[in-house]
Amino acid sequence: MSSDPQWKSFQPSTMDSDTAILDFKTLSIASPNGSPYNSGANGSSNHGHYNHYPPNYSSGGGGGGGGGGSSFPIGTFTGREGNDGGMNGDSNTNSSSSSNSNSFSQAQSGQQSQQNNSDGAYQNATRETGIIEKLLHSYGFIQCCERQARLFFHFSQFSGNIEHLKIGDPVEFEMTYDRRTGKPIASFITKIAPEVVLSEERVTGNVTTEIRSDGQGGETQGRISYENRGECFFLPYNKDDVEGNVTLRSGDKVSFQIAANPRGNLGASHVRLENPVHPVRYQGVVCSMKESFGFIERADVVKEIFFHFSESKNKEEIRLGDDVEFTIQTRNGKEVACNITVLPRGSIIFEDVNEETMKGQVLKPFERGQNGRHQNDPLPGRIKYRAPDHSESEVAFGDKDQKGDFTLRHGDWVSFRLATDRRDSLKRATDISLLDESFNVSGERREQGVVTAVKDGYGFLKCVEREPKLFFHFSEVLNVDKDVSVGDEVEFTMIQDQSSTLVSNMRQRAIRIKHLPLHTVKFENVMEHSVSGVVTKDVLPPYWNQRSPSKNQSNEKPEPGTISYTVNDSKKTITYYLKDCDHKSIPKVGDQVEFDIAQVKRNKEIVAINVKVSQRAAGGDRGDGALHQGYIAALKDGFGFIENLAHDMEVFFHFSNLDGDGNKLELGNEVEFILNIRGTSGTCMSAENVKVLPKGTLKSPTILPEVLDGKVVRPLRSVNPDQDQYAGLIQASTDTEGEKGAEYEFGITSLTNKRELLQIGDPVHFQVDSQGRAANVVAIRKKRRATVDSVKGLFGFLAYEVEEGKKLFFHMTEVKDNATLQAGDTVDFVLVTKHRTGKSSACNVTKVCENTQRPERLISRLRTTSVDDTGPKLTVLRQPKGPDGTKGFSIARVSRLPGVGVE
């Protein structure tokens, strides 16, 4: 055996003293004579050579010089192999180690014991190989590899730790017969490995030789030394044996497992750096944070590492998403990040994205919704594409790799770029966009429509070919760079919403929404142009007969008007709608009009479109025809109210009568308009041809300098629609108790904050103008502080409970300076409770500080990490507080010299 070159690197040493090596088990090959090991029939003498095993590990056919030179596979010695006379063979006289003698005695004693306990049937027993097929409470079954047999075995027959035995593990065993039943069973079972066998325990050692380049494109092996029972051993290792993307230096302390391959070569495997001789600085990004600890996503390996806030070396606190540098130490058997310093933003780059845009076809789309939540694979999607070498390739992608969250289907053509992770060279597709040719090959039915309503993250479409409005979510818009607005013309695919639990209530929704150029969508087919007629009935929205239209009424379909016209001496009547009229000149009864006749695609109705007044009827204008001026006093959904110059009444107007964009209107805007009478009663006035004037056009009265205190005794009618008077009333405070102070009216122009909801009893500061009206009215309210719980488009909720279990509502128009809010931000606000409804809301919301949100890239990679599920857990029941109720003492600490007291 000493002539084998694979053993020369280990001389001289006494392998029998290394228990870790003796625990190895390797797959042995049965010899022709039935023995599972080499018989050594032609064995040579071991005299004059250093033997790595004690004498009882060498077997031979006879005594003296006939001792066999072959050795048993490592760790499979059971004390029975050498009972054919090998004990009388050469005892390896050149080895004077006392441990060899002891090992020989122990092996001989064990052999004798095995011979006494057995009836001699094991002397010629053949060992077989098999696979663990089933494991039960205290027994299992082995499927034989060399023959069609399935053998029972008891856990007591396994030579190792039964906890390490798993289904599918390869094992070696001997077949015997159960003494009670006579059935064949497996006994003397040992676990083997088909290729590489590892020791179960990790060994600690030091690097003595580093891996270096050999100058020919290859690398030399490194060496690790470790001690066992006072003796020093050396094992080789390669770059692939080192865990993590680290470079080992001479003197580094490492832990490893001893490995043996089928040829018998021993080496270090799974080498892990424990404590470097010179601390190595690692880099990463903070990916999650708790109260006093967090985790860093490492830049060298695809792995997260724990850190405590106390390890930060910066004065500024560590924030989510920070690029950091740190060292690694092992504490309680776990790696932790230490000596953390913050790097400039953008220092850490995890992946390289190829600039070339590829084209491919979706083989497996990413499943969203309920099915997607149970995905274990972080990159479940697959795309097939043609590689630069013209070969067909597949690449994976995840849910964050699309440009948007639109629905992808099998067979879709997409464009994408390849991203390569620097840590493990894993490639994935990113920046995925859907190509138009997908709709040509998919065969899906594409429809057209117009966006009619936009809410928080979703909206509704008016479809060309279907009556009801169609729901859609912003995530289904293909062009993520374009904002969705009312009036956008789009193309889409309609599907049944599978999230609905009731079959009868299956909601339809639009997916894969593509923006179209303006004037592409046509709801009607024009049949005839430039037809003349006379209006016989006005078109009226149902809420124009109401002083304060309700939300439900404003969503109702408007009542159409009618036009009478003549065709070939035949008198006919046709309907028309307000949307088809010129909003600056709405036709009235008796007016002569010109229009086009069209057929509506969705219901085949014949209607008049493009209706224009050609000649007004005599006395047809029932308004005063004069130009009026005023201020925007209230804004609702699609309509509003104007306060007149006398500040004693409000006039209704609809956004359709506004010259401009209704979404840009603000409270207090100066406007001019024409009054018109609507309805049959002749008393309902509305404003038409509303036009916004430049600020300062309407002259304001002079304001007196004195600032008064008072309280609101009557609100504006916009706050309390049930009152008859429009103007609000403020009563000034007096120094004499019980004395009633002077009263001053106020309107929308009197308020410093036009969105202030003044209610009865609210204390205010105000001034008086030259007309005897209140001006610069400011409410005196207590400022409160809370954090933003959630934001949903145009409104949100604060983590402040007025009623039990209910968060406090606020509208985004109440946020000062147009600040952008997100969950976790700290804000100051004023609590307002409406007396009429009893509902509370937050007003005058001011952003104090923001909460750092987790970067989108890290959210997609974040994994739930458990520090230790086996040990005791600590739960914080109450956070510590200082004497003044804050998180710490408010008194600043003063530095002092040692031994010198502070006065």
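Including glycine, each Cβ sits where the backbone N, Cα and C put it.
According to TrEMBL, the protein carries these features:
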COMPBIAS  29-48  compositional bias 'Polar residues'
REGION    29-122  region 'Disordered'
COMPBIAS  59-70  compositional bias 'Gly residues'
COMPBIAS  89-120  compositional bias 'Low complexity'
DOMAIN    127-191  domain 'CSD'
DOMAIN    281-342  domain 'CSD'
DOMAIN    446-515  domain 'CSD'
REGION    542-565  region 'Disordered'
DOMAIN    627-692  domain 'CSD'
DOMAIN    783-847  domain 'CSD'
DOMAIN    853-893  domain 'SUZ-C'
REGION    870-890  region 'Disordered'
Stretch-level contact, the domain 'CSD' (783-847) and the domain 'CSD' (446-515), CB cutoff 8 A, at least 3 pairs: yes
Arithmetic mean of per-residue pLDDT over the domain 'CSD' (127-191): 87
Helix, strand and coil totals (DSSP H, G, I; E, B; other) for the domain 'CSD' (127-191): 6 helix, 37 strand, 22 coil
The domain 'CSD' (281-342): DSSP-derived helix, strand, coil residue counts: 3 helix, 38 strand, 21 coil
Structural state census, the domain 'CSD' (627-692) (DSSP three-state): 6 helix, 39 strand, 21 coil
